[in-house]
Amino acid sequence: MSAVHNDQGNVQQNKPSRQLAGRAIPPHHGEGNQTTSKASHKSILVTVFLGFLVLAITASIAAYWLVHPSRIPKRPIEVHPPIVTTIKVGEPKAQPIISGFGHVEPIHQVMVNPEVTAMVKQVSAKLSPGNGVEKGDVLVQLDAREYQTALRKAEAALSIAKAEYQQAQGLKDKATKEFKFLGGDMTPAQRALERYEPQLKAAEAKLDEAKANVELAKLNVERTILVAPFSGVISHKQVEVGQRVTTQQSLFTIVDTHAFWVNAAIPADVLNWLSFGAEQGNNGSSVEVALTSGTVKAAVSQTNIRNGIVWQRLPALSADSRQVNILIKVNNPLGTKPVKGSVSEKQALTPLFINDFVALSIQGPALENVFTLPEGMLRDGNVVWLFDEKGRLKKQAVNVVYQQGQQVLVSGNLKPTDELISSHLSVAIEGMPLRREAEKQMTAQKNNTVSITPQQPSITTQQLSVPEQVKPLAGGKS
């Protein structure tokens, strides 16, 4: 082995090389390849071993978790029953209110025609549409001269008839006396008496005719003055001064305003609940009549309401609704009388006009063992939902006595203490748990209340040792 110095001065030892035939032979290449192959083989084995080891560990962990899954504690499912609002059924006493609509009609309305033909001489200032008149007020005067002349002629004819009658009566009386004086055998006297008897009857008939003509003439003179047949309001006027009118011509129309009819239609099955004033002497069922259109509503709602009574039933059914028509009598329709107990005694009711459309509330009789339910309590026609004593939903069938608008009257299978469920439930199952709205509010208040316990701060006191002498500060004096 020889040492060779390189450029850096380091000494390298060279491996001995074989000498062959005076030449240097380099080392054999087969030995290096064998060493490299062994190293590579060992590296592969290590890699495979590590891979299997990782797989084994992974499989072991997976198998462990499969055999021993994680035990997560199960939390109980909280059930929140639906929250509902309940209403007490109340006492079994009900009074049905029969609602309906009607229109106003006059009780008395007259078109006044003259009974004689004449020229209009005078028209009263009261004769104007909308004006009120009293019974007996003179409204139209006709020219009566023609009828006054006829009256005088009739009176003259009456005087003549009276004279003729007196003459015939005198002749009869004379013949009667002669007949009695001469005796019953006297044939001439008897004939004279019989002769004057027809003359007297004819004179008497003529006298009666003359009297009738005088009465007719007087009546015609009276007919030239047209008066109001009753107290009311003028609705139409068709007469002027100078106009010649006939008996076929209407001069004016007057409406009695002391009372109006309300013609209304109601279901036929409620007639047994009503009493009629025409049959029971003004003791008909009470009715409230409320204005709905055609008038200006007053500030006080009571001024729009009339009190009436059911008066009579009509024999025909309503053509459109097939209901029974009744007449309701309403006094003081124009509201000329003040409202009792109003703020102002001069405050008048809102007028109720003919052809007005009104709403009706007819008071029915008191019904025993019948409950009044609010609107919307009936489910599926005749079923109500109850909140039972266990806080569960109970479906109860009832008998519907009367139902109209917002009013429902039922009977049977209910108690005054039962609680009706007024809330809407998308799913309603018999026996499902429920909670009242009041219970929800109480729970919320309880949860929102925080219990605060006042605590006194803990203070630790220590004995402080104060030296008798305190050293003075630098530069100070003790």
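Every residue, even glycine, has its Cβ placed from backbone N, Cα and C.
Remember, TrEMBL labels are computer predictions, not curated facts.
Annotation source TrEMBL lists coiled coil at 144-222.
Annotation source TrEMBL lists compositional bias 'Polar residues' at 1-17.
Look at TrEMBL and you will find 451-463 tagged as compositional bias 'Low complexity'.
Here TrEMBL flags 110-256 as domain 'CzcB-like barrel-sandwich hybrid'.
Per TrEMBL, the feature region 'Disordered' maps to 1-38 (among others).
Look at TrEMBL and you will find 447-478 (among others) tagged as region 'Disordered'.
Long-range Cβ contacts of the transmembrane segment (44-67) within its own chain (Cβ-Cβ under 8 Å, at least 6 residues beyond either end) are absent. If you look up TrEMBL, you'll see 44-67 marked as transmembrane segment.
Summarised as a single figure, the pLDDT of the domain 'CzcB-like barrel-sandwich hybrid' (110-256) averages 88. Summarised by DSSP class, the composition of the domain 'CzcB-like barrel-sandwich hybrid' (110-256) is 75 helix, 31 strand, 41 coil.
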